[in-house]
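Peer 1: Annotated transmembrane segment per TrEMBL: 12-36, 56-83, 161-179, 245-267, in sequence order. The annotation domain 'ABC transmembrane type-1' is assigned in TrEMBL to 17-302. If you look up TrEMBL, you'll see 336-575 marked as domain 'ABC transporter'.
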Amino acid sequence: MFKRFLGYYQGQMHLFVIDIIAAITVAGIDLAFPQILRTLTGGLFTEGPDAIMGALAYLAVGLVCMYAIRFVCRYFVIFWGHVMGARMESRMREDLFDAYERMSFSYFDHNKSGDLMSRLVSDLFDISEAAHHGPEFILIGIVEVTGSFIILSTINLPLTGVLALIAVLLVVYNAFANYRMRAVYTENRVRISGVNSRLEDSLAGVRVVKSFAAEDVERAKFRRSNDAYLASKTRMYRAMGRYQAAIAVMMGALNTAVVVFGGWLIAQGQMEAIDLATYALYISLFTTPITSILDFTETFQKAIAGFRRFCEVLDTQPDIQDAPGARPIRVTEGAISYRDVHFAYKAADGSPEDGVINGLTLDIRPGETIALVGPSGGGKTTTCSLLPRFYDVDSGSITIDGQDVREVTQRSLREAIGLVQQDVYLFDGTIAENIAYGSPDATIEEIQEAARKANIAEFIETLPEGYETEVGERGSHLSGGQKQRVAIARVFLKNPPILIFDEATSALDNESEQAVQESLAELSHGRTTLVIAHRLSTIKNADEIVTMEGGRVAERGTHEELLARGGTYARYYHMQFADGAE
Ligand code: ADP
Ligand code: MG
């Protein structure tokens, strides 16, 4: 893990080296300053006024140069140090995003998007903070602490002993306080994410909230989590106040001890007054880095935890991968064949849940349209998800024109299959961009042609901005039927030989259903099509109907045949449609 972390410094080595050199230079200058002052003042007091003036001029020039160098170095540390951290963070973010894109469906079944998002944002920020401040703090700390300790020892050894003793107390207290503060910080993070998810939930469900006039309920829920956050923040600041105050007291004790013990040493003739003054100047150089390194442990721990989670994601192998030597699929006819397929969804730990598909065998002839009918939760959607290999079968096989879907490349397989679902997802952007999603090279003519075939061109042309109209977040500016037809246009443009319609018209009213139905019929012309439908009109359009029960095919035949047989389909038909308008 550590090696991998170092890997992200690659390409940033020059910045890293400059950052470290600059940091050490700053530490060196800070260390040198009291010494210079001591030497000069020590010398000056023994000279006459003229000599003092001359020396002062040197001193002034020297100090200005020193601070100029310090300025440049500080600038480097702050600017380039952060840039280095930001670049590392940016590379990690790309790697993480790539890893997310690689994952298969089951991964997203088990990981909440809020969680995945926070890894991308806050974890990586913590890591980058540690990546550039860490080495800098530690190096500056080492230089300043050892440097000032040596200088202090040369000035007066017994006094330094006292100082070291108090410093040890400081470290011990700090470690203890950090330990206690961690609980408070953790609680604080839980509370803030509570506020965030409340907000997210309320905003996402705003239509439901409004329609039930439940604003007060939402307000009360929000207030509760907001209050809890405030309370935890108060606890955090109380702990911080105590901590800072205690540190201040200990620093006071340190100074008092130095002054009293130092005064006593002076009285004993074991130390000069000027040495005590210099000594006092070094104390903060000795103690500040200690406290700041200890403070930094918090960030450091967060970063380690964050980086561990980061590596976990990067090391997760997607459970669907191309077989070694997989070739692109060649769809000549479009014949689909399920052979004794068994499948169960897996729990987060990988153990199988109850079987959803239990020995499904189904052949679909080239160009045929098959309607899948069955109870809700009966495994129809699952059957369709197995074809583009969103999940792999547990046993049995699925072939397209004799090629097992596990033997061909995922990319070619998914290019060969067009999917139209009940919930259409449109991406933020224009209508044209959404139609061309998946076919980025499409010309505007091709896009218009696809829209025409999907029965949506007329509507688009009535819009003031036509194809350049923004669809809004998730397509919120379009109606359900319009969104569905944009999705169909998308598939027209992709032009796959095999189609899956999963309740594509279920969410639509009768009128838009008819328009969508027409474009679907046009789309499925000459392509092998699997339709999951609740509407009789869709089912009747199919060449054959397959009913599913218990994850298996129960019956197969035309509408008339199945009705005559009086089995599952007939029962289903009478329940759903017998007294309907159809
Ligand atoms: P249908 O489309 O016929 O209504 P599905 O194929 O969607 O049925 O679901 C079949 C069964 O599998 C249901 O019991 C459902 O709860 C379960 N299921 C569907 N998707 C998942 C999933 N991603 N993870 C776990 N179980 C699932
Ligand atoms: Mg379904």
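Don't overthink the numbers, they just go from 1 along the chain as shown.
Backbone N, Cα and C atoms are what each Cβ position is placed from, and that goes for glycine too.
Predicted automatically and left uncurated, TrEMBL annotations should be read as such.
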Peer 1: Six or more residues beyond either end and a Cβ under 8 Å away: which residues meet both conditions relative to the transmembrane segment (12-36)?
Peer 2: 59, 62, 66-67, 69-70, 72-74, 76-77, 80-81, 83-84, 87-88, 132, 135-136, 139-140, 143-144, 147-148, 151, 278, 281-282, 285
Peer 1: Taking only the residues in the domain 'ABC transporter' (336-575), give me the average pLDDT of this model.
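Peer 2: Averaged over the domain 'ABC transporter' (336-575), the predicted model reaches a pLDDT of 89.
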Peer 1: Residues of the same chain, at least six outside the transmembrane segment (56-83), with any C-beta under 8 angstroms of its C-beta?
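Peer 2: Long-range Cβ neighbours of the transmembrane segment (56-83): 15, 18-19, 22-23, 25-26, 29-30, 32-33, 36, 40, 132-133, 136.
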